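*Asks:* The structure under discussion is supplied below as structure tokens; questions concerning it will follow.
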Number of protein chains: 2
Amino acid sequence: MQELKKKILQEGRVLSDQVLKVDSFLNHQVDPQLMVGIGKEFSARIHEGYATENKKVTKILTIESSGIPAALTTGLELDVPVIFARKKKSLTMTDENYVSQVYSFTKEETNDITVSKKFLDADEHVYIIDDFLAHGAAAHGLIDIVQQAGATIAGIGIIIEKSFQDGGQKLRDLGYPVHSLARIKSLRDGIVEFMEDEHS
Amino acid sequence: MQELKKKILQEGRVLSDQVLKVDSFLNHQVDPQLMVGIGKEFSARIHEGYATENKKVTKILTIESSGIPAALTTGLELDVPVIFARKKKSLTMTDENYVSQVYSFTKEETNDITVSKKFLDADEHVYIIDDFLAHGAAAHGLIDIVQQAGATIAGIGIIIEKSFQDGGQKLRDLGYPVHSLARIKSLRDGIVEFMEDEHS
């Protein structure tokens with residue numbers, strides 16, 4: 001997605017060979033127009049999949065907090081509800097829940113992630129969205145929750161994939177369609193280098 | 001806002017005299033179309049204020065996670081960036097930050113909330129959004145951050161105000177415009193009773 005890549009080059013900051021900071025438009029300050037563009041792009045990639053899959057997405061699933069804006073704009077495009085998995089149980093979460101564990105490399109902690117059972121049925125066809133894909137920890141936690149519900153996975157939409165880490169390849173090896181809007185090949189020497197991609 | 005009140009009556013669950021659960025459309029599962037309506041409504045109330053204030057909103061500020069969807073749709077309407085204050089410092093938050101403390105009654109814990117200094121300047125005119133207003137703890141934390149930046153506050157947009165708690169009155173007494181889209185007078189006996197409101 002050209003608009004996103006341009007924004008990454010203009011505003012992203014390479015903090016190390018592993019870490020790209022995009023907090024001016026993606027995960028602290030958010031550019032709403034860019035998020036609408038991202039929602040349209042995920043929606044387009046999902047619709048491409050319908051040709052072979054013939055099964056419509058019924059829900060978007062993300063994880064708080066940084067996945068929420070793109071999940072919302074995608075839900076708007078597809079006209080389906082959005083669920084965000086909670087990282088911390090609220091006292092008002094009194095229902096039965098699906099729970100999985102996710103390790104955060106940027107926060108160095110393991111969180112239980114929780115989705116109320118009443119929002120995921122076995123007949124749902126779920127599209128998973130997250131802002132970053134690195135080792136794939138969050139994506140695997142969300143997949144686990146969809147599987148606990150007995151529901152199916154339509155695909156995984158990622159805003160920025162760090163392709164030099166193994167999360168994306170592992171998900172593709174498992175057979176999931178992974179739609180990454182910007183795939184980063186390397187952050188070496190403080191320079192963002194993108195993968196060549198048929199969707200660029 | 002009629003559409004919101006209808007949704008609260010249809011799907012909200014009164015857990016006690018103090019607690020209303022709206023996780024089917026607001027803060028766990030999210031209804032994207034309703035969020036667009038909420039963004040339009042906040043935008044309309046902000047525009048009403050321009051007549052007397054003559055100063056345009058330059059940024060939306062909310063707090064992760066449940067305020068994000070409405071903040072995003074309002075930012076989209078006004079075409080301004082959205083900031084969500086972080087509750088937990090990420091290892092990639094290496095810049096200078098504004099920090100305030102917020103006590104969560106539903107999670108029974110105090111969180112530092114953090115906004116990077118580079119996204120809030122003294123010349124910003126900030127509109128604060130949150131999903132619930134009860135005691136006003138989150139709103140006061142966000143106000144504190146705007147004040148630390150030396151910026152001004154255009155108003156405070158709240159999706160659901162529990163008017164039987166004192167947060168809303170305290171904010172109005174301080175002179176802030178508070179735009180609550182549904183004001184709940186009472187949750188007694190398991191029944192949601194709304195305030196009569198000129199905006200109903």
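Just so you know, the numbers here start at 1 and follow the chain as drawn.
For all residues, glycine too, the Cβ spot is worked out from N, Cα and C.
Feature annotation from TrEMBL assigns xanthine binding site to A:Leu20, A:Asn27, A:Lys162. Positions annotated as domain 'Phosphoribosyltransferase' by TrEMBL: A:38-162. Summarising the annotation, TrEMBL assigns 5-phospho-alpha-D-ribose 1-diphosphate binding site to A:Ala134, A:His135, A:Gly136, A:Ala137, A:Ala138.
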*Asks:* Could you give the Cα-Cα distance between A:Asn27 (xanthine binding site) and A:Ala138 (5-phospho-alpha-D-ribose 1-diphosphate binding site), in whole Å?
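*Replies:* Computed Cα spacing between A:Asn27 (xanthine binding site) and A:Ala138 (5-phospho-alpha-D-ribose 1-diphosphate binding site) is 15 Å.
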*Asks:* Which chain-mates of A:Lys162 (xanthine binding site) that are at least 6 residues away have a CB under 8 A from its CB, listed by sequence?
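*Replies:* For A:Lys162 (xanthine binding site), the qualifying residues are A:Gln18, A:Leu20, A:Phe132, A:Leu133, A:Ala134, A:Ile184, A:Leu187.
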*Asks:* Considering the binding-site residues A:Leu20, A:Ala134, A:Ala137, A:Ala138, which residue's Cβ sits among the greatest number of other Cβ atoms within 10 Å?
*Replies:* A:Ala138
*Asks:* Run through the domain 'Phosphoribosyltransferase' (A:38-162) and tell me, per DSSP, how many residues are helix, strand and coil.
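*Replies:* Breakdown, helix to coil: 42 helix, 46 strand, 37 coil.
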*Asks:* Neighbourhood of the xanthine site (A:Leu20, A:Asn27, A:Lys162): other residues with Cβ within 8 Å of the Cβ centroid, in order?
*Replies:* A:Gly12, A:Val19, A:Lys21, A:Val22, A:Leu26, A:Asp131, A:Phe132, A:Ala134, A:Ile160, A:Ile184
*Asks:* Report the same-chain neighbours of A:His135 (5-phospho-alpha-D-ribose 1-diphosphate binding site): residues 6+ apart in sequence with Cβ closer than 8 Å to its Cβ, ordered by sequence.
*Replies:* A:Phe105, A:Gln165, A:Asp166, A:Gly167
*Asks:* Around A:Gly136 (5-phospho-alpha-D-ribose 1-diphosphate binding site), which residues of its chain at least 6 apart sit with Cβ under 8 Å of its Cβ?
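*Replies:* The list for A:Gly136 (5-phospho-alpha-D-ribose 1-diphosphate binding site) reads A:Asp166, A:Gly167, A:Gly168, A:Lys170, A:Leu171, given in order along the sequence.
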*Asks:* Could you find out if DSSP has A:Leu20 (xanthine binding site) as helix, strand or coil?
*Replies:* strand
